[in-house]
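Worksheet: one structure, shown below.
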Amino acid sequence: MGSSWGPLPSPSKNSGLNWTRLWAAIEPRVPALPVKNLNGTGPVHPALAGMTGILLCAAGLPVCLTRAPKPVLHPPPVSKSDVKPVPGVPGVCRKTKKKHLKKSKNPEDVVRRYMQKVKNPPDEDCTICMERLVTASGYEGVLRHKGVRPELVGRLGRCGHMYHLLCLVAMYSNGNKDGSLQCPTCKAIYGEKTGTQPPGKMEFHLIPHSLPGFADTQTIRIVYDIPTGIQGPEHPNPGKKFTARGFPRHCYLPNNEKGRKVLRLLITAWERRLIFTIGTSSTTGESDTVVWNEIHHKTEFGSNLTGHGYPDASYLDNVLAELTAQGVSEASAKA
């Protein structure tokens, strides 16, 4: 049976007990209880640790407050002679410039390229305008395109989902207009999807240090660098300045077969301008700034306190799935 200690009264000259001797006999037997500042991003955890310490002190128990460990973001220093190219991956750098940016495509031509006309559409909703497929598109009178009648319905070739042609023209016209089309129902991508990433530089090389969980392999380090600039016509606020906080950003992959596969696909995603975009930071709330674009990276080298580090047994498979969702796969990269 365990016992609990109640609060001990302070020594008093009027009491009949020798409290000094009693406390001296008890104190060595009471363990110092460490109260750790729990990991987390919210302010509740440090407060909880502090309140717990106060309550234990009030109960007469010694308390040892400890700080939460700090994330290990970067590897030990590496000399230039120790930095090597990644085996099987040509080059060490990729740049995107303004001349690589957006190519305008005629919306009607793009939609017709991936659609097949449906003569007798089913009596169900078009999930873009929410009108019935057997009636005219909800964009009738709002959007006019020569040769696209509002009652025309088409089926996407691979996935088979059906929409008003005019609705798909409206959806495409509201996007990046890069010649690709993405099914709004199943997210299947037709053509080569590109993004709105600002111009910048991507470097990648091998360093002689291992990631947690990959003790027998060296590490691939990726360095992204994007400067501040002016938003283009494909961005939220054309002509307005955008910021680029936290660059250069360092990211890490294990130098094994799957890690090199991820690197090759990340290079393809970079060249298609899919790694970053301009938007609102979910961390700071700042708008018109460069943010990640739904392809997660590991930015913590020697720990995983933030969730952005190693060990993480499922990360490589997860990021491959995220790349596939953006239309980036080995098959598409070779096409």
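Note that the numbers count up from 1, one per residue, in the order the chain is shown.
Cβ coordinates come from backbone N, Cα and C, glycine included.
Per TrEMBL, compositional bias 'Basic residues' is recorded for 94-104.
Per TrEMBL, the feature domain 'RING-type' maps to 126-187.
According to TrEMBL, the region 'Disordered' annotation covers 76-106.
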Could you put numbers on the helix, strand and coil content of the domain 'RING-type' (126-187), residue by residue per DSSP? 9 helix, 10 strand, 43 coil
Roughly where does the domain 'RING-type' (126-187) sit in mean pLDDT, to the nearest integer? 91
